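Reading through the structure tokens given below for one structure.
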């Protein structure tokens, strides 16, 4: 999806090639001098293995007790120590070869039996060790007749733990000789040999035993192995099998809302519930304020055995609660393997009360078109009072207007309009206690004009030639705006005049300067105009002016502009109308079927737009030699050229290269690639098509027809159950004579079923079914015997006629009743949706989705227009598939999209969840910088499909890591590029309109640009990515959505350097619960979470701002993992809360690092908003697009961080961020962004501690069988919850104190005029070393599918 006011960061000539073929450069794995999978040596021999590769190498070996000694050729080989029993592994550097410059030799002298095992050579600087990709291994057997078994310890008995779900048991009887014959014995309780036909032996792993062997006996004890070597019997350790239950599915403390508030004298009931696996014992312990004083409390245990787990509870009850009972109530659940705890706060009030005060003053100002305005108050009350809002003396109800939202104790008005101005009053009542409080507000509304399509529609679109198109501009203003239309021929705009206009207008123009505009006249239009209309419509409850131009026949590219103007101001929208016959310019069609059969004729057509491409060629990839990742440039090394028939379609101006495969065979199955060349750039692009071939199979009977004996006048049905490929043609014979369908004899289901409605005597005989296809024929016969006579009594006929008349009468009666039943009016349903979704406090958001309307005329796409491709990713209950979408005639070119659908066997609830996600995406609307909804397939004749945008370059994190070697801080900037960047910034900053959902479900076409893989990455690109993410988050925040997982892995990169935010379906409506508390344990990305989210489970738009700061760190570290080398434990969380922050990445300027620190403010209200971040990053992006400033130019001492070119006074947000734009780079003492505004000047905390300043202690936390920590990235569940409760306890018992830091630098005062030294380009330091971090950013805190935490999988896209 594109936006009409956006010029992309980098426009290069060319079209990106198919992403399924290119994923970056490939890397070959290391190679060993011994290419076999195993090596056998004798005891006391010397093991010598040489490894070569493309990167720095290292070795691993099975015997961990052996020490490692490394030396090079220059150091010489030192002799091993003479200490008896001392052995070591020696690693020696050696000379590399061409293509593999690194070499390392492993030397082990005096090898022993216990040295048997895998010896693995791997790339040292890559964390993922995978054989065949980043590593190479060989299994070495050290043959020792005296020690045939390998023992790693001194234990003669080992325990094998298994769970109920495991089907096999692995008994690790490892041997030192691969040719030994090992016998497996089971102790039941006496030794018995195990039947060798049911077990499997692997000389590298041991025995694999089916689970049922130990389930069939009650006296089973364990296993052991035996070997006879040189007339000597040897036995292994005894392996005892233990079945245990370890899973801790869920742990909750009810009520879940914290704090729990009560009135003195009421009863307190807390329920601590654990959902665990069978055979798991749980011991509950409670701690509460009155426990030490022996406060009378009752504990009631409960145990409930469910179908798949056991629910165990402990209920704490305290009657007649006192004020002294206020405090922390903690429940511990202990098992043999783990310990869980939950804490809630109980507050006991003495009497009812209401305390009320203003939060932001009594006078509130807003602008027309502003996304929302909030009337907020500070309220402290118990019990919860009744809330009433009045406007001009009239009660406000969310049922009367969907734009008014009462959330807790605040009133939010969305889509502010001039009618919202007036006097507002809040009334809080507690009728039983006779308490009432009131506050009055005054709302002032200012009105600017807006064109809404600028936020929802792309500026450039591809229009099919010969199609009817409608250009629309919707404007609102006060007074109503008038709309006029202009056009100009398709040609570049005047760049020089654009630059002068930008400077003259202060860098705030909304569109490029283009001259030669002419009024649009239907009589003299280059594209025939059907009509030009201007009308007034009610849109979202507001009166708006809509201008439409209906183009009867799109034939010539042109540029159109609509202008909306009133006496307050004006706005304009520029539309690039590009006409083409193939929207993508390049696609592949396969006829006549996507699933051909053996011996079919298959036609592959490669269609390419003649305006863009030439030199079409067909290739077939060799499946034996093609690498996993293939560049189009290296295609010829792994493919065979195929001759095709080239033709030119004059009417559509397209080239068609047709490849005919006659009489296709099984060996013809595979990947076929069409290669084309861009006419302007010469770059070659490829599309790949996989042809599956189904083998033909001869007909065969699954069940032969059976003999039948029936009475006269009864019905008879015979089935011919056959199968084959292709499906056979079926024929029936009676007494060797062909049988055809006549009255009373029916042949149904492609002749599979023969039905005789009323059997007669002459129907007896031999019936034969014959099935034939290209592979042959089969036939089978059955005898039908008829009993009785054809004579029928009149009584039977009368009964049949009477029964038919009665049945007809009842059917007519039911039809009349059904037609008179009152049906629900769809308009009533829509009204209900509008009232419910605006008050989710009464109905959960998930239930609201049932009322959300789905307009099939707008969003429904026929499944025939989709062609599914490869799977891009899997989710909890669904999958994402790459697909192509065609036009209505299925002959036009296809666009690439991503399709989200359910897996096979999905339940009704999963189907409902995907349908709810579809409706939520429709409700959120479209934006350039989010992954947008394109359409859906919901009709019942196929699977449910949700169609979204496809982003070919994958997620931003992987892209940045792959581009590290091609990172250049700066590059030459052409005037055209600088102008485009300026226009993009100004279009984003000047736009203040509400983001409206698009009414079009068509896929956005691709614009011709160079491949991003082939262009260098610059600082300007990094700032551009940051700017776009801020704009996308600004849009989501305007739709009242909180992301909660904003990270580079959830940012996708599309063509033209456009980034799109994904996984925002995980967000929740902010009005459902402002202090959103996640239920149960979940996967927590702690490195990206704000302190209030970690400690208090509070998620707001300001917590997303914190995550945005971490995302900035990722971008300017080129995809590095945040907090590198820091263990994520309790100490980390404590220091994060105390103000310790990450230091600046090497590629970040002081301005960028200042923005990071501002986003990491401990107090959420002090963090910048996303609109402010869009403004600031837009200015930085514009400055970085200017010509280079030499590195030796330094800032003056009077530089306050603001550009002199700006004629406006600095905003409060910019003044606060200016404190961080110091030219000096600090490492352990960095500038701190926490500025405090005092009159016209500002003061700052002068110093902030970073994680490098105070080394983190690398402590080890024992979490047996927890499976919740992953490479130190998150806390284990028990440690996290224990630390949260400790944090809450500290908050109640001690007053919060600010962190003391030494003042090193004073922040310069900022005058109200905002003048100061101009910003100079900062000196950036060396780029990152190229190390790739593969740490998993999550840790499992619950079993998948058990927690009620809503999750979405979406595109791998």
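Every residue gets a Cβ built from N, Cα and C, even glycine.
Among the features that Swiss-Prot reports, signal peptide is placed at 1-24.
What Swiss-Prot lists as N-linked glycosylation site is 44 (among others), and the listing cites sequence analysis. Listed in sequence order, the residues of the same chain lying 6 or more apart from residue 44 (N-linked glycosylation site) and placing their CB within less than 8 Å of its CB are 110, 111, 112.
With a 10 A radius on its CB, residue 48 (N-linked glycosylation site) counts 15 other CB atoms from all the protein chains. In the three-state DSSP assignment, the secondary structure recorded for residue 48 (N-linked glycosylation site) is strand. For 48 (among others), the entry in Swiss-Prot reads N-linked glycosylation site, with the evidence type sequence analysis.
What Swiss-Prot lists as N-linked glycosylation site is 114 (among others). Contacts of residue 114 (N-linked glycosylation site) defined by a Cβ separation under 8 A and a same-chain sequence distance of 6+ are given as 62, 63, 142, 147, 150, 151, 152, in order along the sequence.
Positions annotated as N-linked glycosylation site by Swiss-Prot: 216 (among others).
What Swiss-Prot lists as N-linked glycosylation site is 271 (among others), and the listing cites sequence analysis. In the three-state DSSP reading, residue 271 (N-linked glycosylation site) counts as strand.
The 10 Å shell around the Cβ of residue 360 (N-linked glycosylation site) contains 12 further Cβ atoms across the protein chains shown. If you look up Swiss-Prot, you'll see 360 (among others) marked as N-linked glycosylation site, on the strength of sequence analysis.
Under the DSSP three-state reduction, residue 440 (N-linked glycosylation site) is assigned to strand. According to Swiss-Prot, the feature N-linked glycosylation site maps to 440 (among others).
According to DSSP, residue 553 (N-linked glycosylation site) sits in a coil region rather than a helix or strand. The N-linked glycosylation site annotation in Swiss-Prot covers 553 (among others).
Using DSSP to sort the residues of the domain 'Ig-like C2-type 6' (583-690) gives these counts of helix, strand and coil: 9 helix, 57 strand, 42 coil. The feature domain 'Ig-like C2-type 6' is assigned by Swiss-Prot to 583-690.
According to Swiss-Prot, the feature N-linked glycosylation site maps to 610 (among others), an assignment based on sequence analysis. A sphere of 10 angstroms centred on the C-beta of residue 610 (N-linked glycosylation site) encloses 17 other C-beta atoms.
Cβ neighbour count for residue 660 (N-linked glycosylation site) (all protein chains, 10 Å cutoff from its Cβ): 13. The feature N-linked glycosylation site is assigned by Swiss-Prot to 660 (among others), with sequence analysis given as support.
Feature annotation from Swiss-Prot assigns domain 'Ig-like C2-type 7' to 699-785. Across the domain 'Ig-like C2-type 7' (699-785), the DSSP tally of helix, strand and coil residues reads 3 helix, 55 strand, 29 coil.
Residues or ranges marked as N-linked glycosylation site by Swiss-Prot: 707 (among others). Residues within less than 8 Å, Cβ to Cβ, of residue 707 (N-linked glycosylation site) and separated from it by at least 6 positions along the same chain comprise 782, 783, 784, 785.
If you take the C-beta of residue 751 (N-linked glycosylation site) and look for same-chain residues 6 or more apart in sequence within under 8 angstroms, you find 720, 729, 730, 731, 732. As annotated by Swiss-Prot, N-linked glycosylation site applies to 751 (among others).
Under the heading domain 'Protein kinase', Swiss-Prot lists 866-1181, citing sequence analysis as support. Confidence over the domain 'Protein kinase' (866-1181), given as mean pLDDT on the 0 to 100 scale, stands at 80.
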For residue 553 (N-linked glycosylation site), nearby residues of its own chain (Cβ under 8 Å, 6 or more apart in sequence): 466, 467, 468, 527, 528
Spatially closest candidate among 48, 360, 440, 660, the listed glycosylation sites, to residue 1045 (active site, proton acceptor) (Cα to Cα): 360
Residue 660 (N-linked glycosylation site) versus residue 440 (N-linked glycosylation site) - Cα distance in angstrom: 79
Separation of alpha carbons, residue 660 (N-linked glycosylation site) and residue 48 (N-linked glycosylation site) (Å): 55
Sparsest-packed of the listed glycosylation sites (271, 440) - C-beta count within 10 angstroms: 440
Rounded Cα separation (Å) that holds between residue 271 (N-linked glycosylation site) and residue 360 (N-linked glycosylation site): 40
Cβ-Cβ neighbours of residue 1045 (active site, proton acceptor) (radius 10 Å): 21
Separation of alpha carbons, residue 610 (N-linked glycosylation site) and residue 660 (N-linked glycosylation site) (Å): 22
